[in-house]
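Residues annotated as ATP binding site in TrEMBL: 35, 36, 37, 38, 39, 40, 148, 191. The ribonucleoside 5'-phosphate binding site annotation in TrEMBL covers 61, 82, 83, 84, 109, 110, 111, 112, 152, 163. Residues or ranges marked as CMP binding site in TrEMBL: 116. Sequence annotations record features per position, and here TrEMBL assigns region 'Disordered' to 253-293. What TrEMBL lists as compositional bias 'Basic residues' is 265-290.
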Ligand SMILES: Nc1ncnc2c1ncn2[C@@H]1O[C@H](COP(=O)(O)OP(=O)(O)O)[C@@H](O)[C@H]1O
Ligand SMILES: Nc1ccn([C@@H]2O[C@H](COP(=O)(O)OP(=O)(O)O)[C@@H](O)[C@H]2O)c(=O)n1
C-alpha cells in the first residue's frame with residue numbers, strides 16, 4: 001500500500017476556528033482500508049476520550065433503512081464498493097454533528113476520495129485536527145471482513161476486492177494529501193485489538209479526561225473538580241464507575257479553552273438501570289431536589305490542578 005509519512009507531533013487543537021451550528025468543533029478523520037479496525041477502535045476512543053463516533057458507512061446504511069429517496073442509489077453503490085456522491089454523505093454527517101451536543105467527533109470512513117475531502121471542506125469549512133490512519137495488509141483485512149458476520153451486503157469476497165481497489169485508487173490519495181500537510185497519525189492496525197488501542201491512546205492523550213480533584217466523602221457522595229471533554233462524557237464515566245450516578249449540584253461551570261472545567265458534586269444513586277439520557281439533559285438538573293444537595297468540598301490551592309486520570313483515581317479511592 002502507498003507510503004505515508006508519520007506526522008510530527010500534531011497540535012491536537014489545531015482546528016480551533018472550526019465552528020458548526022454555533023459551536024466550536026474538533027474533528028478527527030479515521031481512515032484505513034475496509035476491515036482495518038476503524039469502527040472497533042472508534043468505540044474504544046469514545047469510551048476513553050469522550051468523542052462522538054460518526055461512521056459514514058453506518059449513516060449511509062441507516063439512510064437506506066429509513067426508506068429515503070436516495071436509498072436505492074446508496075445501496076447499489078455500497079454493493080459495488082463505490083463511493084456515494086459527497087453531497088449525500090456530507091449532509092448526513094453535518095446533520096449528525098449539529099444534532100449532537102458533543103463538540104468532538106470521530107468521522108470514520110470519510111473522506112474516502114478527493115471529492116469527499118474538497119466538498120466537506122467547502123461546505124462545512126471544517127478541517128480535521130488530525131487524521132488517524134489504520135494501516136493493515138489486504139490479506140489481514142480480507143480475513144477480518146469475511147469473519148465480521150454483521151450481515152453486510154458488501155462483506156463478500158467479490159465486493160471486498162472492489163472495495164480494496166477503491167481504497168487504493170481513491171482513498172489513499174486523500175491520506176497522501178493530509179500526510180503532505182503533516183496531519184496523518186499512522187497506526188499499525190495489524191496488531192491485536194488491545195495493542196492497537198495502546199498506540200491509539202498515545203495519540204489521543206491530549207484529550208484524556210483530567211480529574212483535577214476528586215475526594216470521596218462520607219457515605220455515597222463524592223466531590224469532584226474536573227476538566228473533561230464534555231459534561232456528558234463525565235457522566236458516562238461516572239455511570240461506568242458506579243452503575244448509576246446523579247449530578248446533584250453544579251457550581252461555577254466555566255468554559256476554559258475547549259474543555260468544560262467545573263466543580264460538580266455528585267451523589268451515588270440507588271442501583272437502577274443506567275438512564276444515560278436523563279443524565280445528559282437539562283431536565284435532569286431541573287429535577288434536582290434540594291435535599292440532595294451536598295456540601296462542596298473546600299479546596300486548598302494546592303489541591304487544584306492535580307492531574308489524575310479518572311480511571312486511576314477510581315482505583316485509588318476504591319470507588320466502583
Ligand atoms: N486488531 C484487530 N485484530 C483482529 N481483528 C480485528 C482487529 N480490529 C478489528 N477486528 C475485527 O475485524 C472486523 C472488522 O473490524 P471493523 O472495526 O468493523 O473494521 P472497519 O470499521 O475498518 O471496517 C471486526 O469483526 C472486528 O472485530
Ligand atoms: N465516505 C463514504 C463512506 C462509505 N461509503 C460507502 O459505504 C461502504 C461501507 O463503508 P464503511 O466505512 O461502513 O465500511 P468499510 O468498507 O470501511 O468496512 C463503502 O464501501 C462505500 O460504498 C461511501 O460511499 N462514502
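Heads up, the Cβ atoms here are built off N, Cα and C, so glycines get one too.
What you are looking at is a predicted structure, and each value in this text was computed from that prediction instead of being measured.
TrEMBL feature annotations superimposed on the structure.
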residue	record	CB count, 10 Å
36	ATP binding site	26
37	ATP binding site	24
38	ATP binding site	23
40	ATP binding site	15
61	ribonucleoside 5'-phosphate binding site	19
109	ribonucleoside 5'-phosphate binding site	23
111	ribonucleoside 5'-phosphate binding site	29
116	CMP binding site	24
148	ATP binding site	13
191	ATP binding site	14
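Ranking the binding-site residues 35, 39 by the number of CB atoms within 10 A of their own CB puts 35 at the top. A 10 Å radius around the C-alpha of residue 83 (ribonucleoside 5'-phosphate binding site) takes in these binding-site residues out of 39, 40, 116, in sequence order: 116. Ligand 2 lies under 6 Å from the Cβ of the following binding-site residues, listed in sequence order from 36, 37, 39, 109, 148: 109.
Of all the binding-site residues listed here (109, 111, 152), 109 has the Cα closest to the Cα of residue 40 (ATP binding site).
Under the DSSP three-state reduction, residue 148 (ATP binding site) is assigned to coil, being neither helix nor strand. Rounded to a whole number, the distance between the Cα atoms of residue 61 (ribonucleoside 5'-phosphate binding site) and residue 39 (ATP binding site) is 14 Å. Residue 116 (CMP binding site) and residue 35 (ATP binding site) have their C-alpha atoms 20 Å apart, to the nearest angstrom. For residue 38 (ATP binding site), the nearest neighbour among the binding-site residues 61, 111, 152, judged by Cα separation, is 111. Minimal Cβ crowding within 10 Å, among the binding-site residues 83, 152, is found at 152. Within the set 61, 82, 83, 84, 109, 110, 111, 112, 152, 163 that the record links to ribonucleoside 5'-phosphate, no two Cα atoms are more than 21 Å apart, and one pair reaches that distance. On a Cα basis, residue 152 (ribonucleoside 5'-phosphate binding site) lies 12 Å away from residue 35 (ATP binding site).
The Cα atom of residue 36 (ATP binding site) lies nearest to that of 109, taking the binding-site residues 61, 109, 111, 152 as the candidates. Only 38 of the binding-site residues listed as 38, 61, 111, 116 bring a Cβ under 6 Å of any atom of ligand 1; the order follows the sequence.
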